[in-house]
Amino acid sequence: MFFKKFLSDPIETVKVPAAAPATLLQPVAAAESSSDEVTVVHQAPLAELEDIPPDPTDEEEDDNKKDSIDEKMVAASKEEMPPKKSSAEDSILSVIYTASKKVFIVGSIYLVGYMGWSIAWLIAPVILSVARDRWQKSTKHKRSIAKASALASEKEVILARIDELPAWVYFPDVERCEWLNKILKQLWPNANHYARSLVKQTIEPNVAESLAFYKLPGFRFDRIILGTIPPRIGGVKVYDYNVARNEIIMDLDLFYASDCDINFYLGAMKGGIKDFQIHGWIRVVMKPLIRTMPLVGGLQIFFLNNPNIDFNLVGIIDFMDMPGLSDLLRRIIVEQIGNIMVLPNKLPISLSDEVPAASLKMPEPEGILRIHVVEAKDLMKKDIGMLGKGKSDPYAIVNVGSQEFKTQIIDNNVNPKWDYWCEAIVNSAIGQEVCFNLWDCDQGLPGVQNDDPLGRATIEIVNVVKRGVVDTWLTLEEAKHGLLHVRLQWYKLTAEPADLQAALMETQLLRVTSMSTALLIVFIDSARHLKSARSNARPDPYLVCSVGKQKQQTAMIMRDDSPVWEQGFTFLVGNPDNDTLQIKIYDQKTGLEIGQYGYVIACLMNKENMEMVSQPFQLQKSGPDSKLIMSLALRILKKVDIVEDTDVTSEASTISQLARAASVKQSPSAQDKGSLRDIQSQSSRLSSESPLTEEEPIALKVSSDTMNLSTTPTRSPKLFNANLAGSGDSQLTHRFPDITSSAGENGLGRIQLSIHYMVQRQKLFITIHKIMNIPLRDPTNIPDPYVKLYLLPGRSKESKRKTVVVKDNCNPVYDATFEYLISMAELMQSELEVTVCTQKGFLLGGSPIIGMLKISLNETDIIENGLNSWFDLQPEQKHD
């Protein structure tokens, strides 16, 4: 009865309202009703595309225009495209494909019955099939609305999307966008030639290489026709400030919902892509302006951030059009588009021979963004355990344009602490964002998206540029709950060699080996008279340049011993004094090396403005006349002045004063602690504490030079290093004189500690130097002392730190350093509990605790200058 009713129901027609363009590339919620029919209100102007009878005159004009466009498109693709199969052949293939699918389904059911398998073997395929059908229905509905919007009136679409566009987008008038769309419509039939060459030469080999990594070899495009629907411009922004006199910068809201016809082969299987859609903000930079026609020397076209992409797979390869497998292909396409025209990559187009290629194609970074993903709190629980919901295995992916970074995976934890550092090259601060996507790691098929999303957050880079440093907790979007703690710092690029010393001191103090101090810009122009790898044949050369583990590669030039590449690259340099630029040229046909060159980066420090322009270099392992023409520029990373937010500063000072007032009391009440915690949570959006896992003692070695790390006053790393290492003169704050002959006021001994908080690393460093004069009450029972640390409140196993045990000693020396990853707001609320114990106490049945003390961590000296003091041990206190 169900199938009979299903087949007898009429096919419903979805009528799209005029405001539909406001939902471009967003999931559309399907209306659900108890009745069998779904009625959608029919409004103009999009509805007139389907049901409203058109005027005969208009219909005739539209048909003529469409026929004209179709003729142009077919003519543009006829020269290079293989002939399309007849409709009869397509019909036969469709019938064969449908029949084969039915035979496979019936055969599978028959096989289950024949083999006597359980019905459970059918459950998974049925669930997968239902999920796939629902997912395809949703995406098809979304693509249909997008395509209808692409065909609708320009003015209606733009006005419908005004509320959805960013506030900074400027509309001079709707007619201007309409005028641009008409130009695109006129030029569109001729774009197929350029698109085919770009796809065949650049995208196809990279997609084939990526798919081969997932055991899907043999990818190649067969037919590429872009269709008759041109891209649409939905918003325009022309910059009139912070722009050089010889350039014009324009941002466009580009939306492309095509009726393309793209066929490809994956091995012996033939598939196709229909309804390809792309949406994103694209920037067009016209530079340099010249005094001869065409008045503009060239164009730079690029997406500010990764665009949104959607498509529909057809043909035999349609089995991949399901959640997971389609994400694999979509991710590969996004990566290839990013490698071509998502920042820092640009698509340069030269318009005049008067303009040197280096001025248009050489990278021009604005600065470096240093990103510290500190921790997350209260993430969603996605894993399924024996007793219900388990925890998650979270990791974070950071995207800045086409640059992607991934943190380590923290197993079974909803309060992970990553302490992950990365650096992104920023070519345009205005309009770009830093995107943080959190995922729960789940094992599955390689390349298939099995991980569950835990939320996402974004920060506009221009805000970091204005403030210098942004240290904040972000509320995760698209998640029920969760917070992410990140710290971002902006570095400008200078050509002053004197700035290198400060950059080196900072990286040494951070103790993060992956951080850089400089940026190397390389422009590979051309090579001359390369040797041949094969007799009587010119080479197919390509060039690989590397700095450390970073590698960049040019395109391959066919059969040319004097290739012209004109490609630019950027490399982050850890230390220019030690690093070298390595260049090797290979023959693609044989894989043999046909030339190499090594350049010591430190040599640029002595050049004017630390750069060389279009210089020839003699190649090694090549012919005597073989030369490489390239340009080099070195830039030093320099911190910008930090602009403090007055609201944040006042809140932080209020928290500090309240915390200090609470610490004066001997035993603050639970109510005081609760109110203070409420104030702190409102200002910093922090949740419950999740301390670090236990670590072994490590030696802390930092730079011995002075440097300002953060918003706090300057501090001497030399003094900090001396006290943490237990050597040298100390100028850090001393609460008590260095009198080690006394056992303290309580007669339990004294302990020497160094405590310092590093704002830039969000880390608390505690060094236990030594203990003096532990009382010896029984000469036959000499203690075996060790020290335990806890961060309060929230004493837990994860916050525990412990030194080694020193046998039979009343004056043990440890010099052990421990680290806690903790934000400044949390530090203001914390106490350090230090307990000195003896291992023999357990064996004799008595208390193992010799003495203990609690230190409030909201002291200004701990943050500004560090603290190195002797403390009297106190009698054992019962835990709260």
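Backbone N, Cα and C atoms are what each Cβ position is placed from, and that goes for glycine too.
Feature annotation from TrEMBL assigns compositional bias 'Low complexity' to 677-691.
The domain 'C2' annotation in TrEMBL covers 343-474 (among others). As a whole-number mean, the pLDDT of the domain 'C2' (343-474) in this prediction is 88.
Shown for the domain 'C2' (496-617): DSSP residue counts in helix, strand and coil, namely 21 helix, 57 strand, 44 coil. The domain 'C2' feature in TrEMBL is assigned to 496-617 (among others).
The domain 'C2' feature in TrEMBL is assigned to 747-871 (among others).
Feature annotation from TrEMBL assigns region 'Disordered' to 44-69 (among others).
If you look up TrEMBL, you'll see 661-720 (among others) marked as region 'Disordered'.
According to TrEMBL, the transmembrane segment annotation covers 103-128.
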Helix, strand and coil counts within the domain 'C2' (343-474) (DSSP): 12 helix, 63 strand, 57 coil
Residue distribution over DSSP helix, strand and coil in the domain 'C2' (747-871): 14 helix, 59 strand, 52 coil
